[in-house]
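Following: one structure in structure tokens, then a few remarks.
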Amino acid sequence: MRVLLLVLLLALCANAGFFDSKIGQKIKETLSKMKAALNGTALLKIREKFNNLKEKIKAKLTLSPARKAILDEILKHIKFIKRDKVQEKGDSIEEINENSNIGELLYQGDIVLTDKQAEEIVQDIESSDSDREKRQAFRDRTYPKTLWSKGVYYYFHYNATPDRIRVFKEEGCWSYVGRLGGQQDLSLGDGCESVGTAAHEIGHAIGFFHTQSRHDRDNFITFNAHNVKRDWLDQFTKQTPATNENYGITYDYGSIMHYGANSATGNGRPTMVPHDPKYVETLGSPIISFYELLMLNTHYGCTKNCNPATSAQCKMGGFPHPRDCSRCICPSGYGGRLCDQKPAGCGAVYQASTQYQTFHDEVGNKAAGQRPREDMDFCYYWITAPQGSRIEIKIAGLSRGASVDGCQYWGVEIKTHADQRLTGYRFCAPEDVGTTLVSTSNIVPIITYNRFFATAVDIQYRIVSGGGNPMPQPQPNCVDNAQ
């Protein structure tokens, strides 16, 4: 997956329209370029369709008094975090596109809709759930024609293959949704060079809408229309139960297709608040989640490649790899052929006791300065305890200087949930020091990651009263004790 993304990042077509425009140029000028790049797509016409529905959209998105009271209670448990500005172009896709003057021309900030897709969304807004045609997650009426049934082709030459994605450098980061047929464009402009951003846009191209547009989002996040910038409300419309089914796969706050908590904020306050307040920094993830890999493989029918009777018996909710059924695709923090080991490489396994112990992690490039790398470095830790125990984790120290939505540049992920397939809680701000979590089992995977200057985290851990669920035990020769 990452090799493909890196190749795609390099597959910039020589005749792809490299423009020397500066931040702040008029939208009219940008639109002219976008029209040329998008072969005459009627962006203004589509935008006008949504503008005409503003009042209806506002009515649907405005919180009832009861939901507003629930939101106010959740906000009491969210720490105020001072956000850093790392890159001039912006630290998220929506910021980059807004600064490039194209954000308001695109659906949900980075999607180019076809006329047919726009009309379906308009119908979703105008119609009740009962009078819409049923379709699966990320499927429109032309499914399965929107699937890349023979794989995804990127190219250097114009005669490579009929159906293909042209990855090129335009204004901003954007893509179409699903396979259109023939050549379709995907832009990775200035500021869009990271693997995470490329993965997000490729996610659109292979059929994903944004996670926050799922029909069931209100069970997981609360959208606060009061905090959204003027004219951006229509960017937060959602699908309906009649048009969106997600294969029974739950909502994951760590989805790479989810925007950050402060996306399109007009007053510096969150526009999307997770019902579990410890997830507020996780929204806007730069890392593909396990549940997204599962949904993608389910959507394309790849999971059917492996016979359950003869394939790997994956632990921790992993699933057999469609191209090698003898090994597993594992949730983050787990590795080995069966997802029952700590991933190889940087990190260690520490045995907890009833007394606090501390480990120190440092990852990143000390010489990087203010130049982020394209991809992440990862370290993996397991904190273990006897079966039946639970583990308390406390953040004792975190670096400063790169606290942004989604912990885009660095962070620590702590997995204390019963469902280890979910993305864990992520933290990247000094205000998080003192945060305490208690596991539901006797193993806690902790993942640190970085694509920036060197950052550090200090973690304290100890055994607390029992009741935990047993988990797979690590290899004995991996165990180390913190000093």
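Glycine residues also receive a Cβ, built from the backbone N, Cα and C atoms like all the rest.
The shown structure was predicted, so the numbers you read here are calculated from the model rather than taken from an experiment.
Under the heading signal peptide, TrEMBL lists 1-16.
Annotation comment: TrEMBL describes 104-303 as domain 'Peptidase M12A'.
Under the heading Zn(2+) binding site, TrEMBL lists H200, H204, H210. Of all Cβ atoms in the protein chains displayed, 26 besides its own lie within 10 Å of the Cβ of H200 (Zn(2+) binding site).
Sequence-distant neighbours of E201 (active site) (same chain, 6+ apart, CB under 8 A from its CB) are I93, D110, C173, W174, S175, L186, S187, L188, C192. DSSP assigns E201 (active site) to a helix. Among the features that TrEMBL reports, active site is placed at E201.
Positions annotated as domain 'CUB' by TrEMBL: 346-464.
In sequence order, Q108, I111, M257, H258, Y259 constitute the residues six or more apart from H210 (Zn(2+) binding site) in its chain with CB-CB distances below 8 Å.
Taking the Cβ of H204 (Zn(2+) binding site) as centre and 10 Å as the limit, one finds 23 other Cβ atoms among all the protein chains shown. Excluding H200, H204, H210 themselves, the residues of that chain whose CB lies within 8 A of the CB mean position for the Zn(2+) site are, in sequence, I93, Q108, D110, I111, S175, E201, G203, F208, F209, I256, M257.
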